[in-house]
Amino acid sequence: MKALAFALLGLRRFFRERTNLFFVVLMPFLMIFMMGLMFGGTSQVRLGVSGATGEPLAARLVASLGADDDVEVVRVGSRDDLVSRVERGELHAGLAIPAGYDTTLRAGGRVTLQQITRPGDIAGLTAGALIASVVPKEAAPIKAAGFAAAQGAGTFDETYRAALGSAVPGLDVKVTTTGEAVMPHGAAGFGIWAPPLLLLYTFMTALIAGVGTVENRRLGVTRRAYSTPTSAGSIVLGETLGKLVITLAQGLTVMLGSALLFGVDWGSPPGAAALVVAFILVGAGAATLLGSLMRTEAQAVSVAVILGLGLGGLGGTAVPLESFSDTMRTVAHVTPHAWAYDAFTRLVRHGAGLADILPTVALLTAAAIALFTLGAWHMHRALTR
Amino acid sequence: MPVLEVDNITKLYGESVAVDTLSFTIDQGETYGLLGPNGAGKTTAISMIVGVLDRDAGQVRVGGRPHSPADRRSKALIGYVPQDLALYHDISARENLRFFTKLYGMSRAAAAREIERVLEAVGLADRADDAVRTYSGGMARRLNIAIGLLHRPKLLILDEPTVGVDPQSRNAILASVRELAGEGVAILYTTHYMEEAERLCDRIGILDGGRLRAEGTRRELVGLVGEHDQVVFKVEGDPAHAVPVLEAAPGVGRVQRVEGEDGEVVAFVADARAAMTELMAAVAAGGVAVRSVEVREPDLEAVFLHLTGRALRD
């Protein structure tokens, strides 16, 4: 109850400060937005197609282009419109099919397709590669049908149907992965970067929140509170509880907001929530210890930033753990970030659930309890010696 | 039974002795002053008594029960007003008070009642909802005291509560302390202002270098060093005429004519206030025309100097 009094007063004072409102409410959304711009959105290539509407051979070509899951084909009215939309970035690439596509091909003539992309656009190049692979496949039966018809084997339609129905052996390349893929199919962009950024940000916020504890000690409020019938444990718990709520709100806002606004997949919701709560508890525990050890706010802020960035960097939030050497990966696991990183990897990339990451959640919770206990003990010592 | 019993409490910081076997008691309604210069060990002693600092030796009993930093029941009997303004400056006086009522475990109704009472008592009722950062130093000091009074403590401990306060607020604080003592609250008051200790305290302990050098009422302390009260008469005509008249009066130790002062004669007595009636009767009977009478009591500055060999404000 007394801890709650501390927590509620801390929250009231925190939210009364407008700059704090910015950092707690607006900052996470800005962060989500930035993440969304950097890593979010769809990985599908938007390919515009113009011309030859109603021509069966052209329709078949367009259908083949759209058969790939990674390509979204958008029909556009005219070539000029297609160029304009590619220029504006609405489409990654365009394919202009000339009028009379079917008639010319049926007559054994040559048709020139026009590919439109912006220079240096990676998605445009991807679309180009797709067009370069699909067009020859579509052209092969047309060429065969034209040849057969010219040899008197039947009409173009008959020979074309026959060509489509014939099974011509080809060369297939099949890729398989043995063991557990570090980056399974579909793992890309936000799904990889959002969890480490969340870990870096929330741990830093929790540590910075510990500065308030130092301020209360400097003001003498903590010692005065200890002169009342209030235990050191209640004071420490109360000091931490408010900050914990703030950091948790931030973390969960980032997760929920990024999922809703940018479709970020955080894996199993119970697993992700349990992991974030356990990780933030570690941050809050570290903040408690920091608040009991430091003498001035400036000292506490400096140490918080150094610790936040240092542990974050070592724990794989700046450079992915996968790129670390084996030795460095082992060393990295002295940080809570590395443990949480591994657990998030399993949740997000490999579809693990809460039960699968429970040992990590338990480990982080134990670390949090140890840090809280140490912080409370040192706070008591700092107050009474 | 004393409300506070301090028995040989000691605090060491390495080789340095901050408080050395300090002992005293305070009864209900009594105001006890710990007088000493800065660095004498007053705040360290107070912190041990309040229970926010561990003792290296000695015992403290509050309301008859042993008191320690972990003892929350005896802490509930103490109201503590630290030297620092230990309050939140970015919220209002009322919010500060409400927070501390929760730490004292008061019910919502009791808290509301006591908050209004202490706000009235320290004269902050009309500014109760303003942020403390908008307060003057004196107002913030008064709020600092109000927090210590919230739960109607049996023992109020004030550590230099008037430091940096304007004269008006200082008088208001001293008046409040006297009023509380009148209501039966035992008060421990530390100060390095001699006048405050003299005006306010029933008994005074002189602390220097962590040790209690002497203890007693102001009169007892003054008596320790053989000082006397002085009754200064300014008389019409020849002051030499007044000297034998005063020497003959009961209770007068000696009489001195002050050289260079126009018609001034000083009578040295043990207790000026007690002797005043008889002195006035004696001069009237002796036909001495008195223009004015002034009582000069020996102060604690002289006592401190006598006990420690240095001035209180050194």
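Along the chain as shown, the residues are counted starting at 1.
Placement of Cβ uses the backbone N, Cα and C atoms for every residue, glycine included.
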Transmembrane segment per TrEMBL, picked from A:146-167, A:300-321, is residues A:300-321
In contact by Cβ distance (the transmembrane segment (A:357-377), the transmembrane segment (A:192-214); 3 or more pairs under 8 Å)
no
Give residue numbers and ranges for long-range contacts of the transmembrane segment (A:270-293): same chain, 6 or more residues beyond its ends, CB-CB under 8 A.
198-199, 202-203, 205-214, 217, 236, 239-240, 243-244, 247-248, 251-252, 255, 300, 303-304, 307, 336, 340, 343-344, 347, 352-354, 356-358, 360-361, 364-365, 367-372, 374-376, 378-379, 381-382
Where else in the chain does the transmembrane segment (A:357-377) make close Cβ contacts, counting only residues six or more beyond its ends and a cut-off under 8 Å?
232-233, 236-237, 240, 271, 274-275, 278-279, 281-282, 284-286, 288-292, 336, 339-340, 342-343, 346-347
